[in-house]
Amino acid sequence: MEGVITFSLYEHIRMLIDRLLYHIWMTLLWMRVVVILPIARKIIVVLMWTRRVMILPLMKAMLVICLILLVLVMMQKTSMGFASLYSKVFRQRPERIYKCNSIEEDEELGSLAYPLVLVQIPMYNEKEVYQLSIRAACNITWPVDRVIIQVLDDSTDPMIKEFIYEECNRWLKKGKNIKYERRDNRKGYKAGALKMGMKHDYVQICEYVAMFDADFQPEPDFLLRTIPFLIHNPNLALVQARWKFVNADECMMTRMQEMSMDYHFKVEQESGSTTCGFFGYNGTAGVWRIHAINDAGGWEDRTTVEDMDLAVRATLRGWKFVYVGSIKVKSELPSTFKAYRYQQHRWSCGPAVLFKKLFWEILLAKQVSFLKKFYIIYSFFIARRIVTHFVTFFFFCVFIPLSIFFPEIKIPRWGIIYLPTAITLLNAVGTPSSIHLLVFWALFENVMALHRCKAVLIGLFEAGRSTEWIVTKKLGDISKTKTNTSSSKQSREKFCERCYPLELLMGVFLLLCGCYDYKFGNNHFFGLFFMQCIAFFVIGFGYTGIRVPRDN
């Protein structure tokens, strides 16, 4: 009897469990039919409504904005190209526009016929190149008693300090008038060093100052060719020379940098000099009238582009500049991608900060014409240093990939083929010998536009890195004299250090867009997406530029 009762109890419990499971299943089925499916249907309806009413109009509005900005960039490039072409065709060279007769020898005056010139060389831990710049400056052809070479050393490495000091002493013993100036701190970075350098008593009797970064090597006749412009034209404040790159053929990255820099000097700087006598000072390979520097308020360290800051303020005081492209100064391009990123961050963030600080000062300036104000605000700052970066990145790397998910978005052929091709070709006029690299250059510039846009936003909002100054590392002959052998541990560390998550994320995004367009789209953009995706991955993993082994 006891066994029967136990069995019946077991059957009763099992029936209860089965009934409970049945009710749970029916409840879930009811929720699926009555609750979940209607909610899902409502979510889908909301998403479709959002896409039709909000996202699609937003995409169409962004397309219009992008096309307008693209046209503005094209107009900017065309106008500068025509100005540069005009100066070449009609031989409007600085030597023909400005008086620049050579300094005449005078037996009675002797060396006093030459003005007293200060040559400044700011340095910061420049172990690989300090000898090059000091030697080049000391070999400049100019009366020894009429030139002062000033080495401004902000180095923090005691060994490098000692090396630079000994190098200066070596040239001092050879009879050169060289001064070694050292600071105990890096306040104001390069601007702070230059400001301190101008305060020494021996500078007060100098009329002009020539500036060279540590990797720049001027030719012996540099002062003989630049100073006459300032002597014979009292309204000129600056003579800017062109940069010539000694390592342009070192790797693919330096070749593409050369294309961008040649366009900057041969078109942007030359057009600004020809049309309105204003352009951005490049911070080196130039000669200033010291009176113009003082008249503009001296060096300011409020941004990382102290050279551009001084140039704008001097222009607002009525001074003019001249760019002389026939005078070339040897220099070095960043050979590693890390150094290039730091340089581009400084060159993109600094102008954005400066634009905010100087906007009203430019607008209210009384000593310059409205045309020059418009040129500085629109052409110099907005078009070249803000709009171009955002169009390059947002339109080509974000908007066009997103447009494949919206068949209603029709990008005109002129906006996606003709204008971009024309802009790319215009950028290649500075370096015709590298025109075969044009496609690689365009892909590389699109990737760098991401970094530049981020830097511009940091500058406009004056975020934490807006005043960050990391000196661009110069390698000199390090890549030729050191082997590429390193331990596996070092290789792993360097691999992790050279990965850039934002570029890799953009690469994944473009890869997904390319796959979707290949499978479902009808625009045939997937080829462009895949090429740009590869460029983002190559740069994101750091496989560009040269690899320099670490010092032991």
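Just so it is clear, glycine is given a Cβ too, placed from its N, Cα and C backbone atoms.
Listed in TrEMBL:
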type     : residues : note
DOMAIN   : 208-402  : domain 'Glycosyltransferase 2-like'
TRANSMEM : 20-41    : transmembrane segment
TRANSMEM : 53-75    : transmembrane segment
TRANSMEM : 386-406  : transmembrane segment
TRANSMEM : 418-444  : transmembrane segment
TRANSMEM : 525-546  : transmembrane segment
Notebook entry, point to check: So which residues does the transmembrane segment (418-444) touch in its own chain, when a touch means Cβ under 8 Å and the partner is 6 or more beyond its ends?
Noted result: 70-71, 73-74, 77-78, 81, 252-253, 255-256, 258-267, 396, 531-532, 534-535, 539, 544
Checklist line | Intrachain neighbours beyond the transmembrane segment (53-75), with Cβ under 8 angstroms and 6 or more residues off its ends | finding: 383, 387-388, 390-391, 394-395, 399, 402-403, 406, 408-409, 411-412, 415, 419-420, 422-423
Note to self: For the domain 'Glycosyltransferase 2-like' (208-402), report the average pLDDT of the model, please.
What the structure shows: 94
